Amino acid sequence: MGINLLPIEMDEIRKRLGREPNETEWRVIDAVWSEHCSYKSSKIFLKSFSIDSPNVIMGIKDWQDAGAVDIGDGWAVVIKVESHNHPSAIDPFNGAATGVGGIIRDIISKGAKPIALMDMIRVGNLKIKKNVWLLKNIIAGIAAYGNSIGVPVVGGELSFDDTYNDNPLVDVAAIGIVRKDKIKPSIVDKAGLKLVLAGLTGVDGLGGASFASRKLSGEDEIGAVQIADPFAGKIILDVTLEIADKVEAIKDLGGGGLAVAVTEITNGLGATVDIEKIPLRVKNMNPSDVIISETQERMLYAVEEKNVKEVCEAFEEYEYPCSVIGEITNEPVIKFRYIGKDLVSLPTNVLLNPPRFLWPIKNTKKNVEEKIVDLPLESAIYTVLTHPDLVSKGWAYSQFDYEVNTSTVVKPGDADSAVVSLPNGKLLAIKADANPDMCAEDGYECGKGIVAEAYRNLATVGARGMVAVDHLQFGDPKKAEVYYTFVEAIRGIGEATRFFNIPIVGGKVSFYNENNQGRPIKPTPLIVMAGLVQDKLLKNRVEDNLYVVSVGYTRKELGGSLLSKIFKIPSQAPKVRLQEDLLSSEVVIDSINEGKITFAKDVSRGGLAASLFSILVHGYGVEISTKSILSDTDNVIENLFSESSGRFIVLTNEPEWIVEKSKSKGIVASIIGRVNKKTNILTIDNIDYNLKNIVDNYFNFLEEVMGNG
């Protein structure tokens, strides 16, 4: 049957039902109980993310298709993150494109208008031609769908590691806007509502939820990958927003198809669906396939009978299929019928309550023996600053229509955060962060660290974080070392979000990111955070003679850093001191609001050296003294490449003001250098390093590699 359930789960089903399910019922159970849809190995831990916040309209406790927060003036922001990792490994164009389509439908299922997308892409070594092919097609798929549907891609991440050679990670986040009294649920609260399906059902995506809930085998069928149709997606978007007032609930058809959507929308009630009423793309489809097909560009609506005609007429204007396929019932049973015969008859509470698993854990933390770092500075500078993680991502952004709808305020790559304008005149900053190298060293500190980094990134444009979603991407949870890091990352994320009082209103868990030899990816939890610009927006500007001020304390912490990864330097992972992240961020926000700085960048990937390099790519030079860096080490390499948390560099004409402001907040800051007109020259302790080749590499690397791949 191709069922992905464990023997213990199959025995549990037989016990609960008191009978043997038929083949179609097994396929339904396999979809609804899949890890992808049920969170059976993670849900118990995800509950710890819940924060009671007056701004939360729809949060993690509601378990809906997207989260929503109040932003004032009667408006709400809707936010969601998803991935399409396994499909993108098989068919990168359609895998990535359907990832965009799915996240858009999650946003409109709340009645919200999508206003921004972010893409977070991780692929393997670009010296391998397959990875070049994957990246080309992933970016092309995202661009094709986002550009066609009219939602701008405003930012994201693009990074590279051998761990992703067989398992690219393709994450997409979306932001939507809606009047808060117009938000739609994804579940019903009464029987008698008609189930209306928009869109054609085909044979693509069969078993997709189950496919996403196991490791890649090397023998996976292309049929498990859905096919994207952005023009149909645009119709779904426009009509859904048009008819939102006429429907009671909206549910995207994603993983598990109708099997999952119908089960989840009932909210514990029941439903009866007549399969022969479902519009088909392929004639004479197997009724069982119809139930679990994951054909894209479909939506399910729960509608009062009196409004059904008006809802379907809206789709008919676009010649888009719309049909009443069933109804919500009081009897808590999910029934799929074909020409009067029940093919599926399963209790709702059985489907909605899969077994929960707590797998064994194994502490994989290692006691690292610190060694004196003895590297030639020039070699460290050249090797770290030419790493693909740090080069310009302009090659990717140039393929996106990031200014469509004219809401984009800060262009992709121009700052540490994307910024979009909202209907109430406010500005919303958005950022995504992950740190798999740090997570491989310490899941707990990594969990705290990615939240803190996202918070700092928002601060660099003058925004304060207010809401987040997470995506937790790991290997097989049944492996004790994988599950341990997963649990530790959740502990760190939860601690940090509670500290910053930032509610996580939704997210996703993606397990089984392994190759066919069973090698898992590095643990890759991801945070997407959004927040309102508090007063003034900072658009980075570099000028001659500005002072370089380092805000925050540098520590001898190279573990998980880019330097330690490249040169294999054993070191402890940084300890994330959340109070320092908060206070240094407040210094930066205050400095922006007072008009005291022209440029701000957090210190993270690549350390202080990478942050200084971001000034050089503006066409200037920088001179610094490492003796002026406030730190616990005299080692120049450690000062320049440590990735300690809680730090920024800012450019200012009033450096003493920044130092005093920092002191008033309980944070250290020091004047470490000055900007000059010596283009491409980084002067460190009176020694000039000509970085022209590195600057050229920064702008040209991806275009050259992707053009030659």
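Note: Cβ is positioned from N, Cα and C throughout, glycine not excepted.
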Could you look at G2, G124, G425, G507 and say which one Swiss-Prot places alongside Y39, K80, D470 in the ATP site?
G507
Among R105, R491, R498, R541, which residue does Swiss-Prot name as a further substrate binder in the site formed by S83, H84, N85, H86, Q226, E294, T295, Q296, S510?
R105
Of E82, H84, N85, R105, D106, E294, i.e. the recorded positions, those within 10 Å of G507 (ATP binding site) when Cα atoms are compared
E82
Fewest neighbouring Cβ atoms within 10 Å among the binding-site residues D106, D252, E294 goes to D252
Shortest C-alpha distance to D470 (ATP binding site) - which of the binding-site residues S83, R105, D252, E294:
S83
Near E82 (Mg(2+) 1 binding site), which residues of its own chain have a C-beta under 8 A away, given they sit six or more steps off in sequence?
G99, G102, I103, D106, D171, V172, A173, H471, K508
So among H36, Y39, D252, all listed as recorded positions, which is physically nearest to S83 (substrate binding site)? Use the C-alpha atoms.
H36
For H84 (active site, proton acceptor): intrachain residues, at least 6 apart, with Cβ closer than 8 Å:
G95, A96, T98, G99, G102, V170, V172
Cα-to-Cα gap, K80 (ATP binding site) vs R105 (substrate binding site), nearest whole Å
10
